[in-house]
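What Swiss-Prot lists as signal peptide is 1-27. Taken from Swiss-Prot, the feature disulfide bond covers Cys52-Cys90, Cys254-Cys302, Cys272-Cys290, Cys473-Cys566, Cys598-Cys769, Cys647-Cys694, Cys819-Cys847, Cys845-Cys881, Cys919-Cys1319, Cys1077-Cys1125, Cys1350-Cys1465. Residues or ranges marked as N-linked glycosylation site by Swiss-Prot: Asn59, Asn74, Asn250, Asn399, Asn651, Asn772, Asn867, Asn989, Asn1364, Asn1422, Asn1426. Residues annotated as region 'Bait region' in Swiss-Prot: 620-750.
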Amino acid sequence: MGKHRLRSLALLPLLLRLLLLLLPTDASAPQKPIYMVMVPSLLHAGTPEKACFLFSHLNETVAVRVSLESVRGNQSLFTDLVVDKDLFHCTSFTVPQSSSDEVMFFTVQVKGATHEFRRRSTVLVKKKESLVFAQTDKPIYKPGQTVRFRVVSLDESFHPLNELIPLLYIQDPKNNRIAQWQNFNLEGGLKQLSFPLSSEPTQGSYKVVIRTESGRTVEHPFSVEEFVLPKFEVRVTVPETITILEEEMNVSVCGIYTYGKPVPGRVTVNICRKYSNPSNCFGEESVAFCEKLSQQLDGRGCFSQLVKTKSFQLKRQEYEMQLDVHAKIQEEGTGVEETGKGLTKITRTITKLSFVNVDSHFRQGIPFVGQVLLVDGRGTPIPYETIFIGADEANLYINTTTDKHGLARFSINTDDIMGTSLTVRAKYKDSNACYGFRWLTEENVEAWHTAYAVFSPSRSFLHLESLPDKLRCDQTLEVQAHYILNGEAMQELKELVFYYLMMAKGGIVRAGTHVLPLKQGQMRGHFSILISMETDLAPVARLVLYAILPNGEVVGDTAKYEIENCLANKVDLVFRPNSGLPATRALLSVMASPQSLCGLRAVDQSVLLMKPETELSASLIYDLLPVKDLTGFPQGADQREEDTNGCVKQNDTYINGILYSPVQNTNEEDMYGFLKDMGLKVFTNSNIRKPKVCERLRDNKGIPAAYHLVSQSHMDAFLESSESPTETRRSYFPETWIWDLVVVDSAGVAEVEVTVPDTITEWKAGAFCLSNDTGLGLSPVVQFQAFQPFFVELTMPYSVIRGEAFTLKATVLNYLPTCIRVAVQLEASPDFLAAPEEKEQRSHCICMNQRHTASWAVIPKSLGNVNFTVSAEALNSKELCGNEVPVVPEQGKKDTIIKSLLVEPEGLENEVTFNSLLCPMGAEVSELIALKLPSDVVEESARASVTVLGDILGSAMQNTQDLLKMPYGCGEQNMVLFAPNIYVLDYLNETQQLTQEIKTKAIAYLNTGYQRQLNYKHRDGSYSTFGDKPGRNHANTWLTAFVLKSFAQARKYIFIDEVHITQALLWLSQQQKDNGCFRSSGSLLNNAMKGGVEDEVTLSAYITIALLEMSLPVTHPVVRNALFCLDTAWKSARGGAGGSHVYTKALLAYAFALAGNQDTKKEILKSLDEEAVKEEDSVHWTRPQKPSVSVALWYQPQAPSAEVEMTAYVLLAYLTTEPAPTQEDLTAAMLIVKWLTKQQNSHGGFSSTQDTVVALHALSKYGSATFTRAKKAAQVTIHSSGTFSTKFQVNNNNQLLLQRVTLPTVPGDYTVKVTGEGCVYLQTSLKYSVLPREEEFPFTVVVQTLPGTCEDPKAHTSFQISLNISYTGSRSESNMAIADVKMVSGFIPLKPTVKMLERSVHVSRTEVSNNHVLIYLDKVSNQTVNLSFTVQQDIPIRDLKPAVVKVYDYYEKDEFAVAKYSAPCSTDYGNA
């Protein structure tokens, strides 16, 4: 009995099928009307969609209504569709816009006189999304470069959208917004933008973040790093995979220059198989098995070798299943090294079988066909081998042979398969049955495939042949359809109509029919339909082909076709020619759909080697689609569909005395399942489902309950989507060559003429084009080879000191296929002496891929930048090169390179500036300029110039990024690069002198300054001098207030993230005490602000000024309490003995002026007037303990920072009066301005940072208050007692123009005369050098070198510099100090050793700038600070001169010390 029961269970699927076939049907019954409506289960709001209607066997006119129902109400899609005969038709409709995704009911109602059909089901309606992407001009940037980028928006058909972009910003690695654009419209579907990086940005990964109109966020990454572009590429070629049985593998390494030529040099290759859990405790084997190879590269720049795999123990477990290959090439001659790597996977799979192009379902009566692929462990097909294929259900067991592609085809007869599944097995060889602990055994992988039956009550089937390959666009696909029909089910039908739909990107895009004639006895066969593959079907097309039989059964099949990611706008890009010499012209032709807007880009391949990027490609564009292929029902639209067909009763049946019971079989697929897999919702009264077995309760004695469960088929195989000349002179070396927008003409062509840059490299160019007709198109990447058949490179130091000698080397490289005879010549110049180091030859032979170096011993004679011009020319010579006759190339037969060398005078450079403000007012005014020099001046080092400007801010405007000849490496100093731009813009705006050029430059400086300042921000919103560094994380109250007011004032010109302002203000408010004053946090780098007991008042006054300057009202709680603190302090100081510090008074006067308290301001100004230093035509203020000035000086030195700052605050107080300063105020201000302008340096700045910011603010305010347009030009005449004379004119049109003349004789006396109207600002700059001399300095500096002598052989090329620094001045300690160590000529600092200095508690920061090392010291006391770092030889120099070390107080420039040092081998030539 048990045996019979098991057998009965096995036959259950067959019995159910038999029972269903025996159900009573009436073949002669009249056919009922059939209604079928299909619509995608996912709809897009605002985008045209399609629904397809099929009405068959209509016997009356019907009206069709389609609507969408949601909680927001009903929306009718069709109301006027009336059908009176059979119809197959697809109609477009548009779902109204929606602000969010929403599940809705899609309802279909068909109503006639006697029939009514109504069905509804859920669909998901997604809100409309645009496809937005960004493109940067390159993937990686250096500090200080400009990031250029484009934003593009498309609809889902890839047509351009001129949408509004609400927000776009740049985010740095610390998540700061450093630039922002709001509410801008795209034009032609795109917008091109740019922003400059600061010179010291946070390095790392940045993002362009785009907020679309729908609220979606799109990001595009790029990197900012300090890097040197690779000179050549190291290509490592290794097998992708090897098996554990292989005994050797080939390793190949090639070095290729970016211009495509081989690299000469030596390669070192390391091949390792690492241990999975490495340990340093058990020898090298517990880390990795490694093999090292080293060899000279051949003439092709390559190295190749067969490597034995035995040493890598491929069969051992516990080691990684891969070999890591690292290669390093050292270039011959230069020692430049570049690296490359490769990876080889290890597999124990020796052979592998897989099924190809097989269906997931079979249909009884239609052969089941497919292919089996046999590959080896590397994935390479194995041809002409015998494999076994078996299928138990079909009683099939055969051997077959693979073809030349490793494929074996099979066909299985399904006529006698009675079950619901078919399992096919493919086998090649048995795997090794051995097993060893810690050893790998080889395996031969078999293949299995199970296909499930398709359900049809009439046993009628349709099968679409699948295709193995991805289809090309613009081809016609012939789809083969195989059918088998039940003759009885066809009744008397003469023809059968097959209907088909094609879906792509989640929507219905095509529909059609095929009529099949029917003949008795011919119910089995095949036919084909033709489908044109176009862009509307990409990237995945799904086809459903079906027919409705007379009995209402739907028979059909679906197929999926992958199509290449093609775009309708065909874009091509061509360089003519595609290679050329530097500085020649080339034509870039763009071909696209007429009137397309095209974005062009060409980048140096070296950049892409540095950081490979994912090129803009069709696949990336298709990845933007919200739906590439709709499968199944989306979440929310996956409810169980209603089934009106009822169920089959579970009547027991006895066959041969055995009890059988029908059960639901879940493996068979019906038509409903096929349509659901395509994501189609179907509303029909036809038969598309297999019958459902009625549920029946059973007691425990029956068949186990598990057999009654109905499995719901898979629902959520959801959406594939992605949110996520003859002679050349070379000097121009960009990283991005082309970044342009062009519009093609009506013929679809645009031509751009370009000049080839001087970089010898391969340029990679691409274009995308946007057309309103055809949409987006992408060009293939094209190359332009910028190359010279031979060229010359120079090797020389950055700078030398006059009197030193060096070797100038010129290397000529030949890449012609023939030999050339080259003459190398150094152009003579009066600026240097040069002699060949070898016996001079007229010419040299250089054959293919060879090089020749010529060298000269050079002694510079002139100071400044000295140009060296070297040319290499191919000669027309009959003299043989070996056995070859040298040739002369048609192009590029001569290459000339010009490089400059800085020749500096001996000693230490000084600069003295004399300033005058001359206002003729209709009468002539004159002034004597007496240029004197100290007795110890270095010969020929003196030079002088006079600058004439019509505006007191003119010099500062020209030099806003170079106001001080000092470093800008901390958070305070950076602000002198930022804040003055605000005052310049304000002043020029108010005086209506602002030009677009000045505005653009100033805003760029503000943007970079903003970025840089964020480096010094703390997490709590405060700022400190050197940022949030471990051990130096004390926030600075004073600097935070400075940044806060500057950011607030800059908001009207650039984007400043409000977060930074809000956080800084909150942090400052937390530092306010109960009495309204502010507590100090962090060190003050300028201790002139430390006024003893007045520290708190001075700081509070400064913060109050900052809050008022950022336009906070006096009623603001923080401001109100701060003013209370200041008022209390002033009343206390006024009534007490000794009064208040001048510096504090100046701040108080300006603070009360800003607060509108004019009475208190006047009271303080009156007190200050009593302490003023009044000279003949000027007024200023000094500190009581002002450091004394050396009597040895022959000129009046520039005033210290504190004097300038306090005097500028007094000027601001005079000028801050409502509604405007009085004439009395302006008269007093004029005297202050005359003194201030005399203190300016040659760049328009002052002594230090804070005084420069405050003084320029005050001068700009004075300029605005007194600005008038002169009716008559001012004439300036400068003449000497000799023959020199020159004239300038200053008028309203050129008053911002900087006019300069070099004075011919120094020393000497010159007279300046000014006539006409208006004021003229005159500035004389005198520069000279003096030798360091022994004298008393406020700092003590001792410099030593290790080793101290040249006895150590290493001293020729490397030595250590040791500094011992202490402060011996009048104060207890200095302000922040800078140690400026100049390099000995030919030597460069070893950067890691300089960076290590920052570990010292005394060192806040280090910089390497050209041939100087700058060390920032928080302060220096009488305790000696020891610092040391290492330098190494870069270029050998003879007769080395000593170099100078200067230590100076950043805020008291008169406090400094100098010392000199020499290289251990100063008089030796080193290794030359």
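Cβ atoms are placed via backbone N, Cα and C, with glycine included.
The model shown is predicted, which means the values in this text are computed figures rather than measured ones.
Each of the glycosylation sites Asn867, Asn1364 was scored by the number of other CB atoms within 10 A of its CB, and the lowest score belongs to Asn867. For the region 'Bait region' (620-750), the model gives a mean pLDDT of 67. Counting every protein chain shown, the Cβ of Cys1319 (disulfide bond) has 23 other Cβ atoms within 10 Å. Closest in space to Asn1422 (N-linked glycosylation site), of the recorded positions given as Asn250, Asn867, Cys881, is Asn867, taking the CA atom of each residue. All protein chains shown were included, and the count of other CB atoms within 10 Å of the CB of Asn59 (N-linked glycosylation site) stands at 13.
Cα spacing between Asn1364 (N-linked glycosylation site) and Cys272 (disulfide bond): 48 Å, rounded to the nearest whole number. Under DSSP, Cys272 (disulfide bond) is assigned to a strand (E or B) in the three-state scheme. When the disulfide-bonded residues Cys566, Cys919 are scored by other C-beta atoms within 10 Å, Cys566 scores highest. Per Cα geometry, Cys1350 is the residue among the recorded positions Cys90, Asn989, Cys1350 nearest to Cys847 (disulfide bond).
Nearest in space to Cys1319 (disulfide bond), taking C-alpha to C-alpha distance over the recorded positions Asn59, Cys90, Cys272, Cys1077, is Cys1077.
Note: Asn772 (N-linked glycosylation site) has non-local neighbours His159, Pro160, Gln595, i.e. same-chain residues 6+ apart with C-beta under 8 A of its own C-beta. When the recorded positions Cys90, Cys819, Asn989 are compared by Cα distance to Cys1465 (disulfide bond), the shortest distance belongs to Cys819. Taking all protein chains in view, 17 other C-beta atoms sit within 10 angstroms of the C-beta of Cys52 (disulfide bond).
The Cβ of Cys302 (disulfide bond) has 17 neighbouring Cβ atoms from other residues within 10 Å, across all protein chains displayed.
The shortest Cα-Cα distance between Asn867 (N-linked glycosylation site) and any of the recorded positions Asn59, Cys302, Asn399, Cys1077 is the one to Cys302.
Sequence-distant contacts of Cys598 (disulfide bond), defined by Cβ-Cβ distance under 8 angstroms and a gap of at least six in the same chain, are Val571, Val590, Ala592, Leu741, Val742, Val743, Val744, Ala750, Ala767, Phe768, Cys769, Leu770. In the set Asn74, Cys302, Cys819, Cys881, Cys919, Cys1125, none of the recorded positions has a C-alpha within 10 Å of the C-alpha of Asn1426 (N-linked glycosylation site). Considering only the recorded positions Asn74, Cys473, Cys919, Cys1077, Asn250 (N-linked glycosylation site) has Cys473 as its nearest partner by CA-CA distance. In this structure the alpha carbons, written CA, of Cys473 (disulfide bond) and Cys819 (disulfide bond) are 49 Å apart.
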